[in-house]
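Q: Handing you this structure, nothing more for now.
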């Protein structure tokens, strides 16, 4: 497996990003070593909050949430998925599979040894993060699900996702910062959009971002359907808190909160919310997200 690594200087002087990088090496099934980046802020004895980003962002998406969690006494951990941020990037699009993403982040989770964690997941952060919850339920104390899902090939794609799938596979240059701006209600600054572009010096670094939309198991023929069905079985017995926090302006995941509220025992009686924002709700409602997580932790500890 050929692996690219974004030069460190691409991440120097980013707006609102004072956090020191931390790294874990994981081994792929083919023997390739991959370096995964994460941010780890706050007291070691604070409640660990795992903040998982999705397509095509990186941990920078949580820059306005991390300090709020730390100020509340919690520990904030935000990894970059393989192919994104400061994590290593396989150069061949075919090297990115749903199963591999789950395996890579499973190895990372075991290496950092999170226990009693509270997961906040959005977009592919949910498709991967919820699989981690299903595989390691003993490591998690609660979950907040936002603008994501755990698809099993049934139902129709939203028009928003169809358009995104078509665009992502055909556009000559994938405009990462532009996409983050378009998926947020507020207008991102030029510096913020540049920070989202930073992990990708050129198109060769974007194979993971190109591949993610095609990996979503929207049909029964997609890889990952059986594994997601098995994960749902675990979630259908999950009695720890699960809160939905979808946004009011995301055409891609509209209505996605319903199965979580209906099928997960731990979702009953929880203070589910609809947040103001687009697909990247972390950009639009960071204070509300941090407050929601703080409340969840204080209720359940």
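Cβ coordinates come from backbone N, Cα and C, glycine included.
Swiss-Prot lists these features:
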type	residues	note
ACT_SITE	123	active site, nucleophile
ACT_SITE	250	active site, proton donor
ACT_SITE	279	active site, proton acceptor
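Situate these features within the shown structure.
A: For residue 123 (active site, nucleophile), the same-chain residues lying six or more positions away in sequence with a CB closer than 8 A to its CB are 53, 54, 55, 57, 147, 148, 253, 279.
Annotation for residue 250 (active site, proton donor): spatial neighbours 147, 160, 183, 277, 278, 279, 281, criterion Cβ-Cβ under 8 Å with sequence separation of six or more. Following the DSSP three-state reduction, the secondary structure of residue 250 (active site, proton donor) is coil.
Under DSSP, residue 279 (active site, proton acceptor) is assigned to coil, being neither helix nor strand in the three-state scheme.
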